[in-house]
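Peer 1: Straight from TrEMBL, here's the annotation block:
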| type | residues | note |
| --- | --- | --- |
| ACT_SITE | D148 | active site, charge relay system |
| ACT_SITE | H215 | active site, charge relay system |
| ACT_SITE | S552 | active site, charge relay system |
| DOMAIN | 25-111 | domain 'Inhibitor I9' |
| DOMAIN | 139-597 | domain 'Peptidase S8/S53' |
| DOMAIN | 392-466 | domain 'PA' |
| DOMAIN | 665-759 | domain 'Subtilisin-like protease fibronectin type-III' |
| SIGNAL | 1-21 | signal peptide |
Amino acid sequence: MCLQSLTLLIIFTLFYSHAFALKKSYIVYLGSHAHPFTLLSQAHLDRVAHSHRTFLASFLGSHQSAEDAIFYSYKRHINGFAAVLDDKKASEIAKHPNVASIFLNKGRKLHTTHSWDFMLLEKHGVVHKSSLWKKARFGEDTIIANLDTGVWPESKSFSDEGYGDVPARWKGSCHGDVPCNRKLIGAKYFNKGYLAYAKFPSNSTFETPRDLDGHGTHTLSTAGGNFVPGANVFGLGNGTASGGSPKARVASYKVCWPPFKGAECFDADILAAIDAAIGDGVDVISASVGGDAGDYMNDGLSIGSFVAVKNGVTVVCSAGNSGPKPGTVSNVAPWIITVGASSMDREFQAFVELSNGSRFEGTSLSTPLPENKMYDLISAADGKAANASALQALLCKKDSLDPEKVKGKIVVCLRGDNARVDKGQQAATAGAVGMILCNDKASGNEIISDAHVLPASQINYKDGEAVFSYLNSTKDPKGYITAPNTQLHTKPAPFMASFSSRGPNTITPGILKPDITAPGVNVVAAYTEATGPTDIESDNRRTPFNVESGTSMSCPHISGIVGLLKTLRPQWSPAAIRSAIMTTSRTRDNTRKPMVDATFHKATPFGYGAGHVQPNKASHPGLVYDLNTGDYLDFLCAIGYENKVVQLFADDPLYTCREGANLLDFNYPSITVPKLTDSVTITRKLTNVGPPSTYRSYFHAPLGVEVSVEPKQLTFSKVGEEKMFQMTIGATSEKALGYVFGELTWTDSKHYVRTPIVVQLSS
């Protein structure tokens, strides 16, 4: 080849590579489908896909270019496609009148704290073997879908023993390497969005709905796992495990893959999974994933969940693990049930004992120390390797510890930055015999049970300070870690997890998020046997059950409860179900005092939403705040979306935003008023779902706020009857700036319909 030809080839290759690199994966949302019939033939679906290619071809110049660019065509309930485009073409497409929105195929994270600093509904969790379980027949008529890392089908939690035929309405299926049965009735995977973003070629790792991570099996079994006697984690927590709806049918939709640039689950895959799940016939979608809160029209989970709710499917999502920092809550769309995480009254205790007689309660699932004796203690900072900083060593980061200094000793590490289990691995690699993991200040009293690779215990911040003080005060520090044991009826419980993302809602401050909290700390549930309990490559242990923590774990608790309510109250809308869960929740712990956070300061609705879930009471709430599709469209109009965009969302070219649509009158089961400077009047509508009765209103006004309710009494004579009331809220002359909290309760002495009030006072 001549030099000139070689130069031209290099220039062409560089140009082509640069041009390809500039292309990104986008989602083009065209609104909902208005299919003329329920049963969609393949020919009809092919025509929908063809229409998407034709639309894109008008911008790219040919059908072939459009076909090459599109990697998903959403054909059943969601109308749109995902394609690889350059920014210029994306901008041109955004201007087309038939486009509701176009946005980047964003990546999300799983909401578990297992990797970065999960309980079935068993006795010491949320649901006792109670009247709700029995009345709802353990959720047997419900189909629960899980969007996650897949499923381990061999788990006993997915046994179909005692099950009848799969419901005739079910249209789903299982991929070849995950066998279906009468319990696990669906397993699919969606990877094209992940691969388009990462620019990976596909291989067998990305072509299976099997759970190679553990997260998906854990969350799905929490929502709908079957009864499994003798469940335990290395002998701890022994008992009968079950999901919230133990007799529900379950289906797994794998949308999350190994992390790439910090992201695991991509919007294009999530939309494809939701579109499939609706078509398959699910009743509940549980999604323990999320990212930063954003515009509802530029968020795949928000759009997909709207379409699901429009089709009668309840969507439950995790609030996120970015707490306790304010304004971090994610999945804030008002048609989603957003779930925070709190503790339960069961602990796996492993005490730390010092030679000066001090004894501190900690937690662990690790093996005991080899000998019953005091061991030498060393601060990880004092055990630092020559090339590591004191801070790196204190955090027990990779290669930060000197084996000559820590061998045979118990190393004291600080929580934060890297994974808790990784700290233990680093200590073990350096030859330590054990590890004491001390909370940082932000983590406070929240201690998490992990199956560390060496004997270990995690202790709270105050106790950690005492251990470090001891290390600094003696020349020959010694200590011991007791073998872990299971302790029930611990107090106080529940309290808010420090990691649980907090309000206020940064997208729509007038909507309180999260909605509810549920157990998300030290949760026992089924697990994959494809990896060890720490997910560390060198961890060769396998366990059919594991303990995990995160809002990923609290989310499926609520999903399981929704499954019970779906069976018990099939006529209830997704909004009615959410209202029942929220208005019957509690804000006091098992000491009968107000719930606290991980620092033992009083918690607020920005952490727990309406409160901690009480499933038995949710089955008979008395009254509900209901919402329908039209109400959600009014919401979009009220917060400023253009009429033409809402028309596409509504799938109605004649839809017009209702004049006077006001966010204050959106019939949500919480009342939030941001930036109150004068008095405002709020309208709500209650629907009777109980026996005829008369309800009276009582309220606890937020500090510095005057509240009045009219009428003060509502009488309902039949199920389905609706009554409206108005609440006027104004600032007093002695107001203080910032957020203040109160509550409104309607009661007939049998039912207590409680609604949180959140007011931001402004000057």
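Cβ atoms are placed via backbone N, Cα and C, with glycine included.
Any TrEMBL annotation is an automated prediction that lacks curation.
What you are looking at is a predicted structure, and each value in this text was computed from that prediction instead of being measured.
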Peer 1: Just name the winner among D148, H215, S552 (the active-site residues) by count of other CB atoms within 10 A of its CB.
Peer 2: S552
Peer 1: List the helix, strand and coil residue totals of the domain 'PA' (392-466) as derived from DSSP.
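Peer 2: Its residues divide into 23 helix, 15 strand, 37 coil.
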Peer 1: Looking only at C-alpha atoms, tell me how far H215 (active site, charge relay system) is from D148 (active site, charge relay system), rounded to the nearest Å.
Peer 2: 7
Peer 1: Could you round the CA separation between S552 (active site, charge relay system) and D148 (active site, charge relay system) to a whole angstrom and send it over?
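Peer 2: So the Cα of D148 (active site, charge relay system) lies 10 Å away from that of S552 (active site, charge relay system).
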Peer 1: Looking at the domain 'Subtilisin-like protease fibronectin type-III' (665-759) alone, can you tell me the average pLDDT?
Peer 2: 96
